[in-house]
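So that you can see what the record holds, here are the features copied from TrEMBL:
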SIGNAL    1-19  signal peptide
DISULFID  Cys105-Cys137  disulfide bond
BINDING   Tyr109, Lys111, Tyr128, Asp135, Asp317  alpha-D-glucoside binding site
REGION    207-259  region 'Disordered'
COMPBIAS  207-251  compositional bias 'Basic and acidic residues'
REGION    346-405  region 'Disordered'
COMPBIAS  346-377  compositional bias 'Basic and acidic residues'
COMPBIAS  378-390  compositional bias 'Acidic residues'
COMPBIAS  391-405  compositional bias 'Basic and acidic residues'
Amino acid sequence: MMWCKTGILLLATVGLISADVYLKENFENENWEDNWVYSKHPGKEFGKFVLSAGTFYNDAEADKGIQTSQDARFYAVSRKFDGFSNEDKPLVVQFSVKHEQNIDCGGGYVKLFDCSLEQTDMHGESPYEIMFGPDICGPGTKKVHVIFSYKGKNHLISKDIRCKDDVYTHFYTLIVRPDNTYEVLIDNEKVESGNLEDDWDFLAPKKIKDPSAKKPEDWDDKATIPDPDDKKPEDWDKPEHIPDPDATKPEDWDDEMDGEWEPPMIDNPEFKGEWQPKQLDNPNYKGAWEHPEIANPEYVADDKLYLRKEICTLGFDLWQVKSGTIFDNVLITDDIELAAKAVSDVKDTQAGEKKMKEAQDEVQRKKDEEEAKKNADKDDEDEDDDDEEKDESKQDKDQNDHDEL
């Protein structure tokens, strides 16, 4: 019995040890740039990231991340780590995003690359393995991208996943399992899940319409038919518009100058529109014809859709109109529980951020009120000065008039 307990404990310990963390980046100090490389791709006006917790936060030190600092700029920075493959194990990609500038248009996603990436030349067309994270542009685009590369082509998820669009910190998590299933979580809450084959167009469809099949010529797919005994009433046809019977010719109308007067036209209340015979159920109706399907000869199953043979670089490759986004808590691992634990305090973080922001907003509100009151008082003083000047001017005029008398 003792051996069994020890064996179970040993197996559990081995299971814990086997979990791998491929990248963990919390941007804890100013030395973060030692591990990250800025792109110098020509023709792009790149912005700089700065280490900051932002203007409102829960913990001034723990909440520090890298923040976009210049408006209307491209941002391209990446970090390389030991390459790995997710063969036969889960892949978890996780990071936090805080759009404290109330972003109007810009990306908030990450890209995972293989080891062939030239970091100093990373740009929007650089081939990647996975692109994941939020993207916002105006009211029409507020989505979470989940894009996989497969056989040299990028494939977008077929589902619409809405991202968060407030100003607080949110964690985005992508889990890909070796059984070709996936999950997308925001703040540890599942927002989408499914099967890779079903939700991406990696493969040709399993079935296609039979090219040799055709709808029979005698197939009747009309549910109803006109009643052959129904006849149009003799008084049905009426004009759509008629002369206004209440209109009269203007008294100043000149037929020679203005032409022959005609009353304006109005809608005819007796107009019934185009006559249509009543419809009867079609006794020969067979229903809608369905094109038969056959197995697609071009379909080839692939049980390795999840597989990334090599990942060793994570990059932020973005465009932002208004800067201010903070990225933090980057984690790439095969340990789903570890990733969930890293997000466990997100509600506390958001509560702290909200508390500080509301306090700042209240201070600003009072400041605006005081400024508005000062401006109003100044306007009143200016009006009083104008009134005094008018009175003095009137007195001078009266005095001059008196002198003239």
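Note that Cβ sites are derived from N, Cα and C of the backbone, with glycine treated the same way.
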Original post:
Looking at the binding-site residues Lys111, Tyr128, Asp135, Asp317, which has the shortest Cα distance to Cys105 (disulfide bond)?
Top reply: Asp135
**OP:** Select the closest residue to Cys137 (disulfide bond) from the following binding-site residues, measuring between CA atoms: Tyr109, Lys111, Tyr128, Asp317.
**Re:** Tyr109
Subject >> Residues close to alpha-D-glucoside site centre defined by Tyr109, Lys111, Tyr128, Asp135, Asp317, Cβ within 8 Å >> reply: Gly107, Val110, Met131, Phe132, Gly133, His145, Ile147, Gly315, Phe316, Leu318
Subject >> Local Cβ density at Cys105 (disulfide bond) - other Cβ atoms counted within 10 Å >> reply: 14
Original post:
With DSSP helix as H/G/I and strand as E/B, how many residues of the compositional bias 'Basic and acidic residues' (346-377) fall in helix, strand and coil?
Top reply: 32 helix, 0 strand, 0 coil
Subject >> Residues of the compositional bias 'Basic and acidic residues' (207-251) by DSSP state, where helix covers H, G and I >> reply: 0 helix, 9 strand, 36 coil
Original post:
When you measure from the Cβ of Lys111 (alpha-D-glucoside binding site), which residues in the chain that are at least 6 apart have a Cβ under 8 Å away?
Top reply: Ser126, Tyr128, Ile130, Met131, Leu314, Gly315, Phe316, Asp317
**OP:** Could you say which of the binding-site residues Asp135, Asp317 has its Cβ with the most other Cβ atoms inside 10 Å?
**Re:** Asp317
**OP:** Note down the number of other Cβ atoms within 10 Å of the Cβ of Cys137 (disulfide bond), including every protein chain shown.
**Re:** 15
Subject >> Other C-beta atoms that fall within 10 angstroms of the C-beta of Tyr128 (alpha-D-glucoside binding site) >> reply: 22
